[in-house]
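Notes to accompany the following structure.
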Amino acid sequence: MAPIKVGINGFGRIGRMVFQALCDQGLLGTVFDVAAVVDMTTDADYFAYQMKYDSVHGKFKHTVSTEKSAANPEEADTLVVNGHKILCVMATRNPEDLPWGKLGVEYVIESTGLFTDADKARGHIKAGAKKVIISAPGKGDLKTIVMGVNHTEYQASMDVVSNASCTTNCLAPLVHVLLKEGVGIEKGLMTTIHAYTATQKTVDGPSKKDWRGGRAAAINIIPSTTGAAKAVGEVLPKVKGKLTGMAFRVPTPDVSVVDLTFLAEKDTSIQEIDKLLKAASTTYLKGILGVTDEELVSTDFVHDNRSSIYDSLATLQNNLSGEKRMFKVVSWYDNEWGYSNRVVDLLKHMSGN
């Protein structure tokens with residue numbers, strides 16, 4: 001069978017990481033054909049430069065060159081990766097105007113961060129695509145999927161789905177194990193200590209709705225909001241309304257960590273929770289949930305393709321009252337690379353590959 005054609009709308013951090021994950025997994029040109037990438041320029045030479053050199057993830061492991069197309073003889077507008085041609089398309093405010101039908105694109109990775117509303121994302125469907133994966137929390141009439149947790153709930157009739165957030169992809173597997181194995185969560189608070197992202201400022205600047213969010217990202221710890229804990233309630237309805245949380249944006253460019261503090265529904269122990277998470281990491285959540293029992297720090301998880309790496313040395317309890325129900329679980333995640341690999345996994349799942 002011919003490779004399934006894919007389009008990537010938004011070739012920023014996540015768009016490029018998704019593309020790289022397709023290459024690293026050996027899927028480009030075999031299972032999937034990336035027909036086009038869309039961004040604010042069609043300058044393929046610049047895209048090639050961005051692919052080749054990455055300040056966090058290092059050098060691209062694949063051959064990259066560029067070509068001019070007949071439609072644009074003045075400037076290279078085609079990436080050539082491992083011999084496969086990818087057209088660079090100019091971004092538009094209306095996804096309906098993108099050439100998905102003409103290019104035969106079936107699946108669109110929506111990674112601009114602009115079209116997270118289901119109705120707006122369906123502009124890609126009107127443009128000729130069949131399915132849209134939003135690489136961010138979605139809004140409106142759509143299904144949120146976390147691979148390893150609720151991916152079996154995907155139905156072929158769903159045209160737009162959300163891959164949730166990187167933080168939800170870290171938190172949900174932990175919660176899934178606690179629920180599946182009978183520990184339960186009566187209530188909980190989640191904090192993500194999160195690397196800064198492209199939405200933040202390099203120096204103090206205007207941010208009317210979030211004053212602290214306008215402060216310089218690389219020299220401040222910045223309290224912020226996150227919908228990850230609430231989103232887990234959408235993925236796992238048993239904890240809906242039981243979890244809330246916040247974020248601290250910290251001066252690191254990549255890798256974040258989730259701190260889940262919760263009251264279990266029954267008495268248990270650190271040892272039991274540790275055992276359950278470790279067992280899940282080698283069975284039903286293998287490749288999604290990892291475990292570390294070494295004294296590691298954030299840079300040790302750069303380019304780790306798992307969603308959530310449970311830190312067994314950081315698990316705590318506070319059970320002075322005699323009950324054995326209050327615990328803290330800590331888990332690391334590469335918020336760029338791990339998440340992008342889940343986007344690819346969701347693409348494979350939806351397409352039957």
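Each Cβ is built from the backbone N, Cα and C atoms, and glycine gets one as well.
If you look up TrEMBL, you'll see 4-166 marked as domain 'Glyceraldehyde 3-phosphate dehydrogenase NAD(P) binding'. Taken from TrEMBL, the feature NAD(+) binding site covers Arg13, Ile14, Asp39, Arg93, Ser135, Asn335. The D-glyceraldehyde 3-phosphate binding site annotation in TrEMBL covers Ser165, Cys166, Thr167, Thr197, Thr226, Gly227, Arg249. Annotation comment: TrEMBL describes Cys166 as active site, nucleophile. As annotated by TrEMBL, site 'Activates thiol group during catalysis' applies to His194.
Distribution of TrEMBL features across the structure.
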{"residue": "Arg13", "record": "NAD(+) binding site", "Cβ contacts under 8 Å, 6 or more apart": "Thr197, Ala198, Glu336"}
{"residue": "Ile14", "record": "NAD(+) binding site", "Cβ contacts under 8 Å, 6 or more apart": "Ser111, Ser135, Glu336, Tyr339, Ser340, Val343"}
{"residue": "Arg93", "record": "NAD(+) binding site", "Cβ contacts under 8 Å, 6 or more apart": "none"}
{"residue": "Ser165", "record": "D-glyceraldehyde 3-phosphate binding site", "Cβ contacts under 8 Å, 6 or more apart": "Ala136, Pro137, Thr226, Gly227, Ala228, Ala231, Tyr339"}
{"residue": "Cys166", "record": "D-glyceraldehyde 3-phosphate binding site", "Cβ contacts under 8 Å, 6 or more apart": "Ser256, Tyr333, Asn335, Glu336, Gly338, Tyr339"}
{"residue": "His194", "record": "site 'Activates thiol group during catalysis'", "Cβ contacts under 8 Å, 6 or more apart": "Thr167, Ser224, Thr226, Ala247, Phe248, Arg249, Val250, Ser256, Asn335"}
Same-chain residues at least 6 apart in sequence whose Cβ lies under 8 Å from Asp39 (NAD(+) binding site): Gly10, Phe11, Gly12, Gly15, Phe47, Cys88, Ala91
Sorted by sequence, non-Ser165, Cys166, Thr167, Thr197, Thr226, Gly227, Arg249 residues with Cβ within 8 Å of centre, D-glyceraldehyde 3-phosphate: Thr192, His194, Ala228, Ala247, Ser256, Asn335
Of Thr167, Thr197, Asn335 (the binding-site residues), the residue whose Cβ has the fewest other Cβ atoms within 10 Å: Thr197
Mean predicted confidence [pLDDT] for the domain 'Glyceraldehyde 3-phosphate dehydrogenase NAD(P) binding' (4-166): 95
Cβ-based isolation winner (fewest other Cβ atoms within 10 Å) among the binding-site residues Ser135, Thr226: Thr226
Protein Cβ atoms within 10 Å of Arg249 (D-glyceraldehyde 3-phosphate binding site), excluding its own: 24
Cα-Cα distance, maximum over Arg13, Ile14, Asp39, Arg93, Ser135, Asn335, record's NAD(+) binders, Å: 27
